[in-house]
Amino acid sequence: MNWLEAFILGIIQGLTEFLPISSTGHLYLGRHLFQLDEAGLFLDTMLHIGTLLAVFIYYKKEFIYLIKNPFSKLMLLLIVGTIPAVVIGLLFKDFFEDISKTGITIGWEFLVTGFFLYMADKQKNGRKKMDDITYKDAFIIGSFQAAAIFPAISRSGMTIVAALWRKLDRETAAYFSFLLSTPAIVGAIILQFVDVFQGKAESISSTSLIVGTLSAAFFGYIAVSWMIQYLKRHSLKVFAYYVWGLGILILTLQFTDVF
């Protein structure tokens, strides 16, 4: 893989990690487009590190607060919200890895993501702010995040949808969703590093790794800041239409043996 391909995959990872359209699903499509095999695992890991950097930079005040106040309500909310994904991830890791490699369900998963995004806008706008979020809210939002273990189910999409259903206001829904992404991304990085050290990754040039990581970080930061502002006044339906179109296209190509 050359640095330009890594740069493009970094753009895909950075934008789609925080837009509600599934980063894993788009990375699968990107690897297919560039004819990369699963040996791109090490690059995937570095791309996740890039998006993690984006979150750390955007939420630097929050993370400084969490370090100084490790037993704060915010920390407990993040822990409670992360539990469902940890349980599902540990119990079914191998099963979902096999699904991710084949891509056989990706088209359907994009359609499911679109359904939830479309239905979310039918809810009346909530008024809950960060201080109003309960542990029950965090657990339910985290349970929706656990569904994103399927490769083309959007993590940010599902958590934003769940947050809106729990009556968080639109800005807070996106804000908490991205903050909750941090432990999920860290967990994904840890699991991928385990596979890397077990020899499941190919050798990739340091230039490509650096370019891909910085690209993911830069575009991830843009996506976080843009999405929080966008959701204040705009609908999620445009993302629903996009993933529906993509899902239908993928299913059509799969059924005609083109993909």
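Every residue gets a Cβ built from N, Cα and C, even glycine.
The feature transmembrane segment is assigned by Swiss-Prot to 1-21, 39-59, 71-91, 99-119, 133-153, 174-194, 208-228, 239-259.
Taking pairs at least six residues apart, the transmembrane segment (208-228) and the transmembrane segment (239-259) share fewer than three Cβ pairs below 8 Å and do not count as touching.
By the count of Cβ pairs under 8 Å, the stretch nearest in packing to the transmembrane segment (39-59) among 71-91, 133-153, 174-194, 239-259 is 174-194. Distant neighbours of the transmembrane segment (1-21): 27, 30-31, 34, 36, 40, 43, 47-48, 50-51, 54, 113, 117, 154-158, 160-161, 178, 181, 185, 204-205, 207-209, 211-224, 227, 236, 239, 242-243, 246; these residues of the same chain sit at least 6 beyond its ends, with a Cβ under 8 Å from one of its Cβ atoms.
Taking Cβ pairs closer than 8 Å, the transmembrane segment (133-153) reaches residues 22, 24-25, 28, 76-78, 80-85, 87-89, 92, 96, 99-100, 103, 105-107, 109-110, 112-113, 159, 161-163, 166, 168, 172, 176-177, 180, 184, 247 in its own chain, all 6 or more past its ends. Tertiary neighbourhood of the transmembrane segment (71-91): same-chain residues 62, 65, 130, 133, 135, 138-139, 141-143, 145-146, 148-149, 176, 179-180, 182-184, 187, 191, selected by CB-CB distance under 8 Å and a gap of 6+ residues from either end.
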